Structure formats: C-alpha cells, structure tokens
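First comes the structure, then the notes that go with it.
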C-alpha cells in the first residue's frame, strides 16, 4: 500500500518503489524520474504496457463520455503530456475545457508543445501544482481524471480527498492505473516482462534504466483493486467500482461525488 507510515525513529515514511523513504523525500525523487523521461513518456507507456495503454485510455474516455458542452470542465491530474486531456477535448467535439495539472514542469512543457501542434490551446489550461494541494475552489469541475499517476503521489489518501473537494456535486472521478493481475499465468509472464525487459528497454531508449526500475516497482507497491476502491470510498465517493483491463494489468476505478 502506498500510504504514509511511522518509521522506527518516529518520522513518516512512504514507498518509493521497493524502498522506504521519508514522506517529504518521495516527491523530489519522483520528479527526477519524470524530468528524465518527459520527452519519451509515451514511448515509456508503450514499453510498460506492451502498447495496450492506448486501448485502455480509449476505454477510459468512453466511460467518461464527456459532454459536448462549453461549460463542461475536466481536471486531468498528473496529465502533463496532455494525452488524456487531448482525448477528452476531441471526444467533446472540441467543446469541453480540460485543465491539465502536473507537478512536473518538464512534462507540462511537452504537453503545451503538443497542444499547440494540435491547435487545442483554446480548450486547455496547463497548471503546475501538487495533486495533494489543488489550487482550485471547491465544486469547480465536472470530472477528475488521472491516468498512471496516482501511484506516484506520496499521500494518495490526501490526493483523493482533494479530488472530492474540487468536484461538483454529481461529478465523477476516474482513475486508470496499473493494478494486480488476476490470472496466474499472465501474472508470471507480466512480472518477467516488467522486471527483466522493461528496465533494459528503458536504458536503450533513454540511456538510464533506473527510472523504469522505479516505475515497475511502484506498480507492485500500489494497492490492489479492492483496496484502492476502499480508499476511494474513504475519501467520500459513492458508487465506487472498477473494471479490469487485460486480466488486471490495468484497472479503471470510478467514483461519484453525490
């Protein structure tokens, strides 16, 4: 579970991959990972998901079914490169507005460049901020999305409570994340791929295997589907459920602020 715990000396610790680090240290370590991979982030997702992340993201947008309405506002957290936000805007016939929030300026820079090339800048706002301290008023958004980002947040419970706070009544939370594989044979194959192939592919692509090693380890430390659903309920959300993709390699969690 990626939650804060009390260390032997009384300080607060959390997981950074398979390591335990001080609560205040994790964010800096995660930031460094994403500074290194920002320009190759989509390639990274292809490597980590064997290309399946594209289908999973399409399914996420279908589940969201964004309104074709200029008043419809979505907050996409940890969405720096814009992949989810672009899909949301396009699915709304370029009518909805998406705020892309990320704590990493390098990721946001990539997203802003891509948005300009796609001529989507009128539908997007890019904000550099922390998921645990959202710079928005309560009841500001119709939907909150986060894809492959929640496991990198030091205090997931705090981020979920912030999501609840900024959503309007009737607003929806959607979290797409790598999860616990529920088919034993697939689990063995995916584990071998994750711990052997992914870091080596990462080194070949970026010249550095370490960021990919962390990302693989962070998947294993993330709560399983049922435990994460419980965390979402504890943050205040109703009608919480999840859908497994590809045998549980990824899962889409949904909750509503009612």
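A Cβ is built for glycine as well, from the same backbone N, Cα and C atoms used for every other residue.
Annotated features in Swiss-Prot:
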BINDING   81, 102, 130, 131  S-adenosyl-L-methionine binding site
Long-range Cβ environment of residue 131 (S-adenosyl-L-methionine binding site), under 8 Å and at least 6 residues apart: 77, 78, 101, 103, 146, 149, 150, 153, 159, 162
Distance in Å spanning the most remote Cα pair of 81, 102, 130, 131, given for S-adenosyl-L-methionine: 16
Fewest other C-beta atoms within 10 angstroms, as judged across 81, 130, which are the binding-site residues: 130
Tertiary neighbours of residue 102 (S-adenosyl-L-methionine binding site) (same chain, Cβ under 8 Å, six or more apart): 77, 78, 79, 80, 108, 111, 126, 127, 128, 129
